[in-house]
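Student: This is the structure I want to talk about, given as structure tokens.
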Amino acid sequence: MTDGPRQRGSAAPSTSEDGAADAGKAAGQSSVALKKEIGLVSACGIIVGNIIGSGIFVSPKGVLENASSVGLALIVWIITGLITAIGALCYAELGVTIPKSGGDYSYVKDIFGGLAGFLRLWIAVLVIYPTNQAVIALTFSNYVLQPLFPTCFPPENGLRLLAGICLLLLTWVNCASVRWATRVQDVFTAGKLLALILIIIMGLVQICKGEYYWLEPANAFEPFQDYDVGLIALAFLQGSFAYGGWNFLNYVTEELVDPYVNLPRAIYISIPLVTFVYVFANIAYVTAMSPQELLASNAVAVTFGEKLLGVMSWIMPISVALSTFGGVNGSLFTSSRLFFAGAREGHLPSLLAMIHVKRCTPIPALLFTCISTLLMLCTSDMYTLINYVGFINYLFYGVTVAGQIVLRIKQPDMHRPIKISLVWPVIYLLFWAFLLIFSLYSEPVVCGIGLAIMLTGVPVYFLGVYWENKPQCFNTFVGKMTYLGQKFCVVVYPMEDEKKNEESGDEIEMKEQSVPLSAEDEETPKSADC
């Protein structure tokens with residue numbers, strides 16, 4: 001941890017070590033900065049690619065088995081898509097009002113203070129992103145290796161080894177170039193959309209052949225088990241989790257080309273597209289499978305392909321593998337920016353706030369993300385951890401949207417390029433509160449453990465961030481480690497762009513707000529590389 005929020009574009013924190021001081025001087029004189037290379041297409045690719053993972057191909061049955069009928073399951077998919085769109089609208093306003101990378105972490109920190117922001121970051125660093133990335137990588141390796149082991153499950157060590165290779169390869173791509181990473185995301189997002197379009201087209205062909213028994217109203221709402229309010233609420237919770245990733249573009253706001261235009265546009269395009277794909281893919285599935293067959297399948301898209309594609313059924317497992325490969329890339333790209341933003345605000349080691357002097361990529365943050373995910377691959381409890389912290393992740397969505405209302409009350413005259421009606425955050429919060437209360441009621445132990453894991457960040461915050469007068473030996477050690485990390489990764493602090501400095505003039509004035517740039521810092525020399 002650092003001693004507090006660091007001034008962006010300034011020299012590194014001073015230490016008594018000559019090496020660390022020299023590194024800080026080099027950082028102060030550098031002209032490197034994060035590049036704005038994410039256009040509208042890539043922005044849509046980040047949102048769509050992070051929402052659509054393997055779930056819609058492998059196991060969309062979570063909603064169906066709790067909704068108790070095909071018709072109600074489709075209604076749940078539509079409603080959760082609409083609620084996700086409302087939440088995304090709220091995030092769009094926050095994203096252009098507080099134009100920082102870091103997403104909900106940055107918004108919670110600026111609105112509710114450093115401790116609240118740190119707890120959001122803490123749970124993300126400790127569990128959420130390492131476990132999610134590890135699970136997606138394992139799903140990728142499972143579908144790649146499954147054809148080699150047709151009569152049994154692939155060996156677990158082989159799965160973990162291939163998952164690790166996938167992570168290392170994509171970390172290298174992300175370290176090498178932002179453009180490469182976004183191109184990978186664009187290509188694999190297009191691939192998974194094409195696979196889903198194929199599923200939808202086959203479903204339409206089935207309907208044209210008269211195979212729509214489970215879509216007729218009399219049959220669609222025929223329950224295969226008794227309707228239960230608790231199960232229906234759980235279906236909505238499963239649907240909400242399926243749309244997870246809709247807020248990831250807010251993590252890379254500072255790398256967006258024209259964020260005031262492209263951030264809301266990408267949201268307006270991506271969320272309806274994903275909702276359309278989810279609903280019609282599920283419609284396609286029930287044209288070829290009964291609800292019982294769908295619930296019995298461990299890989300719905302594969303079973304669907306075996307029924308309708310014949311010798312071309314191999315397309316589906318490959319589609320799942322490509323989808324998960326792109327999902328790992330998108331998660332690495334966005335989560336590393338979250339850690340970068342946290343380090344820049346003094347909530348993580350300052351080394352993570354540095355970028356490569358030529359490539360302008362946050363290499364330390366990417367390496368940190370990769371290493372934490374590789375460590376998670378070595379554990380056997382990651383699925384349990386996901387259950388524990390899934391509740392906390394959803395909790396912070398509501399806290400962030402509530403922050404939008406708080407900000408409207410505290411600073412009504414603040415410049416807002418997008419200003420939506422407060423009716424929308426209220427609707428989102430009512431739905432969010434319903435699911436949250438139900439989660440606490442149905443799984444109090446799991447939710448309690450998740451809260452306990454989050455609260456372990458409180459002493460870490462006070463020791464690592466709030467406590468400013470740390471022993472000199474500690475500061476010297478941190479300075480040495482930071483300097484060694486800079487030499488190893490060839491990184492420096494990014495400079496603050498003058499235009500960005502002007503745009504941030506209307507940002508919230510909080511106790512932990514960054515110190516204004518000095519006149520010397522504002523003189524940013526041109527750089528041929530960045």
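The first residue you see is number 1, and the count goes up from there.
Keep in mind that glycine also has a Cβ here, set from the backbone N, Cα and C atoms.
Pulled the feature table from TrEMBL, pasting it below:
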COMPBIAS  499-512  compositional bias 'Basic and acidic residues'
REGION    1-23  region 'Disordered'
REGION    499-530  region 'Disordered'
TRANSMEM  38-58  transmembrane segment
TRANSMEM  70-96  transmembrane segment
TRANSMEM  117-141  transmembrane segment
TRANSMEM  161-181  transmembrane segment
TRANSMEM  193-215  transmembrane segment
TRANSMEM  227-246  transmembrane segment
TRANSMEM  267-288  transmembrane segment
TRANSMEM  308-328  transmembrane segment
TRANSMEM  363-385  transmembrane segment
TRANSMEM  391-409  transmembrane segment
TRANSMEM  421-442  transmembrane segment
TRANSMEM  448-467  transmembrane segment
Student: When each of 70-96, 227-246, 308-328, 448-467 is checked against the transmembrane segment (193-215) for Cβ pairs under 8 Å, which one has the most?
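Tutor: Answer, by Cβ pair count: 308-328.
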Student: Most CB pairs under 8 Å with the transmembrane segment (117-141): which of 38-58, 161-181, 363-385, 421-442, 448-467?
Tutor: 363-385
Student: Would the transmembrane segment (161-181) count as touching the transmembrane segment (363-385), if touching means at least three Cβ pairs under 8 Å and pairs must be 6 or more apart in sequence?
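Tutor: As far as Cβ distances go (cut-off 8 Å, pairs 6 or more apart), the transmembrane segment (161-181) and the transmembrane segment (363-385) touch.
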Student: If contact means at least 3 Cβ pairs within less than 8 Å, sequence distance 6 or more, would you call the transmembrane segment (227-246) and the transmembrane segment (38-58) in contact?
Tutor: yes
Student: Any contact between the transmembrane segment (421-442) and the transmembrane segment (308-328)? By contact I mean 3+ C-beta pairs closer than 8 Å, pairs at least 6 apart along the chain.
Tutor: no
